[in-house]
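**Q** Quick one: the structure is below, and I'll ask about it shortly.
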Amino acid sequence: MPKNSKVTQREHSSEHVTESVADLLALEEPVDYKQSVLNVAGEAGGKQKAVEEELDAEDRPAWNSKLQYILAQIGFSVGLGNIWRFPYLCQKNGGGAYLVPYLVLLIIIGIPLFFLELAVGQRIRRGSIGVWHYICPRLGGIGFSSCIVCLFVGLYYNVIIGWSIFYFFKSFQYPLPWSECPVVRNGSVAVVEAECEKSSATTYFWYREALDISDSISESGGLNWKMTLCLLVAWSIVGMAVVKGIQSSGKVMYFSSLFPYVVLACFLVRGLLLRGAVDGILHMFTPKLDKMLDPQVWREAATQVFFALGLGFGGVIAFSSYNKQDNNCHFDAALVSFINFFTSVLATLVVFAVLGFKANIMNEKCVVENAEKILGYLNTNVLSRDLIPPHVNFSHLTTKDYMEMYNVIMTVKEDQFSALGLDPCLLEDELDKSVQGTGLAFIAFTEAMTHFPASPFWSVMFFLMLINLGLGSMIGTMAGITTPIIDTFKVPKEMFTVGCCVFAFLVGLLFVQRSGNYFVTMFDDYSATLPLTLIVILENIAVAWIYGTKKFMQELTEMLGFRPYRFYFYMWKFVSPLCMAVLTTASIIQLGVTPPGYSAWIKEEAAERYLYFPNWAMALLITLIVVATLPIPVVFVLRHFHLLSDGSNTLSVSYKKGRMMKDISNLEENDETRFILSKVPSEAPSPMPTHRSYLGPGSTSPLETSGNPNGRYGSGYLLASTPESEL
């Protein structure tokens, strides 16, 4: 009796099999089924076709442990956006008030859709292309669109890692190279670089020394050789990590996923000990409740939830496809989502502690500069000394004393006050000066670290953390490209991965020009937002409305051993698609109301200026969006008009946990012997499907079905509910 005798008995039950077929199956004797040959008639001479019987579950690589898998998912979902985008949005949208819409949308959009992607990847054990082709062939373009979006994101994301590598190596100096403005000699006279003097040392180092940025996107300025080398190093590291496979990548994840938390914890402890850190923390948690009613806040919170978990990229599906079938992906979805949120809050605490310290430093600098102005006015008798409170000591002027003096002068000299050019030096104003995106990491943080004791050490730790966070996300992004392509087209993994990295490096040279930062902005803000939203909406529709939410819940029950909460049924069926549709509409309206643009650094002004993209850049932007979404309608149309095979000529029946994978080509509906292994018997259960999708009630024809002969989900995709059936 085979080890899976109960399954064999059930599958061989005469309830769904004709008597003659059952008799033939009863004659099977145990042999090595891997050598069996399948007779496929219908061709001249009754052609014999050898069938490869290797089990998919055994052939596919698997994680060495559950911990490796969890760390990989955390490494993919927790990225650079948690360090700079979430804190920026929190600061911009009302501090603590922003956390409320974020949490609500995380629960009704983030966790359900994250669970959905984990489940389909684990159940079907394929990358994004294979998964969506399996569920609904006409929506198979979803997987290709995911791959394209991953490619677009990977192109510029690795550039940011390259920037971090550049700063990492520059951190092994004391003092840090961005702590002071460079001095330029004009003959015998030494003067401070004008661009740096007008801005700041950290701003100058970022724009001039690191990026050597041009004044607009239209001025390419040639390649920045320093960043080109850093980009080459970044792609080399990513390529080696992906080529080694998930087992080796899993080992890397032990370090790359955990190290950032060590650094963030150290930064938080150190940050809380800084003067003014409490001011920053209080500013973060002081809610501005009026912001909660602003639709823009909800739109940005939804977008952040969407990107934070990596939905639609295919990386989540790729990683979960290497899991065991009985893995509790429901627990994984909740755990990874919570850790992602916790990381965002932890990073925000660190950012606001550092910004509170920086705000106090800048506020004190403001007080000193304005006190010097007042002293000048006193010496020139523009102001009377009677306006200065007697207890004020200019040698040790506090912020409180300055504010008292400022208010007196403003009251007495009301008519001439504006001409004095005095600044109130309010701490709140400094805290409200939001720094977005790369500026937060490469300007605000670097400036704060120049005031840290042992600043090179903290700088090395910070940029090593950014590199690790970036690499964790990049490995998942590359998995979203390589896994579905390798699964679908069976290309050699090593050659394909190396080819992808070389191609991405060459295209990535666009981002290491002097104008490269503007292209990074274009790709980051526009190339992925709309395509990813559309991808996730269609993923949700494919599972909840085409495959069927009830059927999907039943499949999850069989896979997990328990039935998921009813909550997910309503989220997948109604709430999540509706919210995503509203988000898409809002994004399109926002794009139409506000023409796309970017912040350009003007050298002569030493300041940023918002510019609109030129026509050719707009054409490129639209092309990126179209290219990312084009596979979806193209595949749908081709399969709808039968111009592209949807797999109807090959029926693939997967038997997990010891069952065979059989490919039976060109089956004739009325010849039941087409399902029987040739005269060489097999120990393994017969690959004959026994569900009524194949054998209708009272039917003697193996492929005769009631209703649509091609099934509900496309030609050749009749779903068999065997005990371990595919999704």
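Each residue, glycine too, has its Cβ placed from N, Cα and C.
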**Q** According to Swiss-Prot, do SER65 and LEU611 sit on the same side of the membrane?
**A** no
**Q** Are there residues at least 6 beyond the ends of the transmembrane segment (574-594) whose Cβ is under 8 Å from a Cβ of it, and what are they?
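**A** Same-chain residues near the transmembrane segment (574-594) but 6 or more away: 105, 108-109, 112-113, 295, 299, 302-303, 306, 526, 529-530, 533-534, 536-537, 540-541, 544.
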**Q** How many Å lie between the Cα of TYR377 (phosphotyrosine) and the Cα of ASN186 (N-linked glycosylation site)?
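**A** Counting only the Cα atoms, the answer is 33 Å.
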**Q** Tell me the residue counts in helix, strand and coil for the topological domain 'Extracellular' (169-222), as DSSP assigns them.
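**A** Split by secondary structure, the topological domain 'Extracellular' (169-222) comes out as 17 helix, 8 strand, 29 coil.
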**Q** With DSSP helix as H/G/I and strand as E/B, how many residues of the topological domain 'Cytoplasmic' (322-334) fall in helix, strand and coil?
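**A** The breakdown for the topological domain 'Cytoplasmic' (322-334) reads 6 helix, 0 strand, 7 coil.
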**Q** Ranking 70-90, 148-168, 461-481, 491-511 by Cβ pairs under 8 Å to the transmembrane segment (254-274), which is first?
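**A** Most contacts with the transmembrane segment (254-274): 461-481.
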**Q** Below 8 Å between Cβ atoms, which of the listed ranges 70-90, 223-243, 335-355, 491-511, 528-548 makes the most pairs with the transmembrane segment (301-321)?
**A** 70-90
**Q** Quick one: pull the CA-CA distance for ASN393 (N-linked glycosylation site) versus ASN186 (N-linked glycosylation site), whole Å only.
**A** 39
**Q** So what's near the transmembrane segment (223-243) in sequence-distant terms, Cβ-Cβ under 8 Å and 6+ beyond its ends?
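**A** Contacts of the transmembrane segment (223-243) (Cβ under 8 Å, skipping residues fewer than 6 from its ends): 158-159, 161-163, 165-166, 210-212, 249, 252, 470-471, 474-475, 478-479, 482, 493-494, 497-498, 501-502, 504-505, 508-509, 511-514, 516.
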**Q** Is the topological domain 'Extracellular' (275-300) packed against any residues at least 6 beyond its ends, judged by a Cβ distance under 8 Å, and which are they?
**A** 89-98, 100-101, 105, 348-349, 352-361, 427-428, 431, 583, 586-587, 590
